[in-house]
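Summarising the annotation, TrEMBL assigns transmembrane segment to 69-93, 105-124, 158-176, 182-204, 216-235, 255-276, 283-302, 308-327. Feature annotation from TrEMBL assigns domain 'Sugar phosphate transporter' to 71-325.
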Amino acid sequence: MYYESKTPPGTSNAFNFHRTLSGYITSSISVIRSFAAELVLYDSWTHDCDKILRLELEKERKWPKARGFTFATTLTSWHLLVTFCSLHVARWMRFFEHKPFDPKAVMGFGILNGSSIGLLNLSLGFNSVGFYQMTKLAIIPCTVLLETLFYRKRFSRNIQLALTVLLFGVGIATVTDLQLNLLGSVLSMFAIFTTCIAQIMTNTIQKKFKVSSTQLLYQSCPYQSITLFIVGPFLDGLLTNQNVFAFNYTPNVLAFIVLSCLISVSVNFSTFLVIGKTSPVTYQVLGHLKTCLVLAFGYVLLRDPFSWRNILGIVIAMLGMVLYSYCCSIESQQKSIEAASLLSQVKESETDPLINVEKGSGNLPDSVVVKAPGWNSSKDQHV
């Protein structure tokens, strides 16, 4: 739809151009913000659907003596295999361009990411649910510490306060019992460390090698899938005392497995996309939002028990998420303003380097030489 532009009398074309450019920039910013919001909601929705499907797999009881499908590590390897096959088809259809880069970095990243998933499953198997939730809560402080020490990234006090409120609320809503044991604590420490490094590498690799999230996911999926497929049956057998290959696969179980693998394509893609476009800390904040949504959906869809403690924790966590989003938006606006002012100063100094010298506020750069006025023969010939 087009609107007739009514220009006030006496205005110039420059004013019209400035007004048109300002409107275009404003509309572009609104589109980018709406896209980011849709991306966050899409990532949360796909994670919720995947978790609900896993719950349904674990609750499958068609035969009285048959236990539920609890082979989480092996199922994750199937997820990654289906993701790789889907991306290979997308590459064949030229939806994205394959960009090979350092194979050692890809292999190390894939093995590390797969190992972090296996260690998280082991942490859940050898610890109580409450201690496992504490393990997940510890990922954000560990990520902040690693990025501060090794990447010199600064987190303001407002962001630290918002993250503290968020973690406190999620802890109230999810942590119920804490049962400590030596083996489970060691596994949790390794799980936290590998998960933090893997998520930081997801962000740094995309920026260092200038690859997209799809290109990184496509190249690292085989290594992640092979790693989990090798260790998955052993870990699942250790945790469940069952053999994944001897399980009774009913039609309902197979249907849920196929549906879970299809949804996992969106989960894995959105995970790499969110970490690459934002940061590992923001992705963890989004993960805790996912946890709150899983609790709410579990109460609405699966009729899970819900108490005032869950409600209070979710409210506090949501408050922390709002504070974190507000602080991040304020800081990003301040950085953009500072960058724009610095760029304008650089442009002014490049256009006329003699301005600062005439004002007595600076020195000439080495490349600029001031020539004294001298005799020119062409002037005498002209006279």
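Note: Cβ is positioned from N, Cα and C throughout, glycine not excepted.
TrEMBL annotations: computationally assigned, not manually curated.
Keep in mind it's a predicted model, so treat the numbers as computed, not measured.
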Exercise. Residues of the same chain, at least six outside the transmembrane segment (105-124), with any C-beta under 8 angstroms of its C-beta?
Worked result: 72-73, 76, 80, 132, 135, 184, 187-188, 190-191, 194-195, 197-198, 201-202, 205, 209, 216, 219-228, 231-232, 235, 239
Exercise. Which one of these stretches, 69-93, 158-176, 216-235, 308-327, has the most C-beta pairs shorter than 8 Å to the transmembrane segment (255-276)?
Worked result: 69-93
Exercise. Who are the chain neighbours of the transmembrane segment (158-176) in space, where the CB to CB distance is under 8 Å and they lie at least 6 residues beyond its ends?
Worked result: 129-130, 133-134, 137, 140-141, 144, 281, 285, 288, 291-292, 295, 309-310, 312-321, 323-324, 326-328, 330-331
Exercise. Which bits of the chain, at least 6 residues beyond where the transmembrane segment (308-327) starts or stops, bring a Cβ under 8 A of a Cβ in it?
Worked result: 156, 158-159, 161-174, 285, 288-289, 292, 295-296
Problem set entry | Local confidence of the domain 'Sugar phosphate transporter' (71-325) - pLDDT mean | 91
